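The next block holds one structure in the form of structure tokens; read it before the comments.
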Amino acid sequence: MINFSKLSSQEFVSTVESAELLVSYNVTNESKDYQFDNIVFGHVVNGVKNISVSNHGIFDLHPNMVVMGAAEMSAHVELPETSSIKPATCFTLEISKEKVGKILDKINEDFSMPELMEEEQNLSPVDLYYGSGGQYVLETLKQIQRLMIGNVRFKDYWIDIKIEELILCSLQSNMYRVLIDSYKNNKLLDHPMAYAIKHIKENLSSKVDINTLADKACMSKATFFRQFKHHLGTTPIKFIHEQRMKKAKGLLKNTNKSISVIGYDLGYSSPSYFTLQFERVFNISPLNYRKKTFNL
């Protein structure tokens with residue numbers, strides 16, 4: 001357990017069958033690197049957490065905000081405002097993909113994936129969310145934390161129930177798309193469609209031929225279109241553009257390349273067409289997105 005009366009940085013880890021909780025108490029600005037490959041939720045009680053995630057840039061996590069990741073990723077964390085006078089307390093809950101997958105399986109028995117996707121068509125594909133996660137999400141996270149730290153009867157059973165509640169709360173919030181994208185991607189790992197998706201992601205800078213994708217999935221072109229729409233809730237062409245735009249966001253944040261060069265690097269011969277696709281996916285132009293990112 002953390003001894004908050006001691007003016008020294010400490011960590012405490014609590015593990016149950018399907019989840020692990022890390023509690024960090026820091027009194028100095030220490031930097032640390034973390035690696036996650038499950039579903040992870042994080043928030044701070046005191047202080048500010050400066051987090052850098054590959055392809056997502058740098059952002060600050062304040063109290064009452066929640067960060068959620070649903071893909072394998074590494075994170076570099078710093079605590080710029082931390083001192084013995086202003087200590088930082090951080091909670092990180094990692095839940096196994098298998099556990100979350102089973103919960104979403106049950107939901108998907110009543111709501112097919114395309115139907116789940118229809119309500120949030122305006123949101124872009126993401127594997128990381130940070131911001132105001134909704135009061136129910138934060139409160140449920142705190143309840144899980146208290147259960148994992150405390151000594152209660154039927155502990156594992158209580159935590160299983162609360163994890164299911166957490167996922168349901170997240171589906172009601174703007175974390176919804178993160179979970180759905182993660183669920184789809186994991187479901188497709190052993191599906192022939194996975195070979196087509198892998199080919200798309202490895203060839204974002206060049207022309208992607210639909211016939212080649214159908215061949216990768218061992219399907220006719222017509223069957224491929226139907227199966228793609230069924231499993232991913234979108235068309236192959238829209239999916240290709242969305243994957244390119246995800247990469248474009250990272251390039252706009254983390255490089256000094258011009259917008260035209262980024263467009264060319266992602267297979268667009270026309271800068272105006274690249275801008276059009278970016279606006280379609282994110283409802284903002286690449287130029288304004290870059291200005292907003294750097295507060296220009």
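Backbone N, Cα and C define each Cβ position, glycine as well.
Per TrEMBL, the features are:
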DOMAIN    194-292  domain 'HTH araC/xylS-type'
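With DSSP states grouped into helix (H, G, I), strand (E, B) and coil, the domain 'HTH araC/xylS-type' (194-292) comes out at 73 helix, 0 strand, 26 coil. Over the domain 'HTH araC/xylS-type' (194-292), the average per-residue pLDDT in this prediction is 90.
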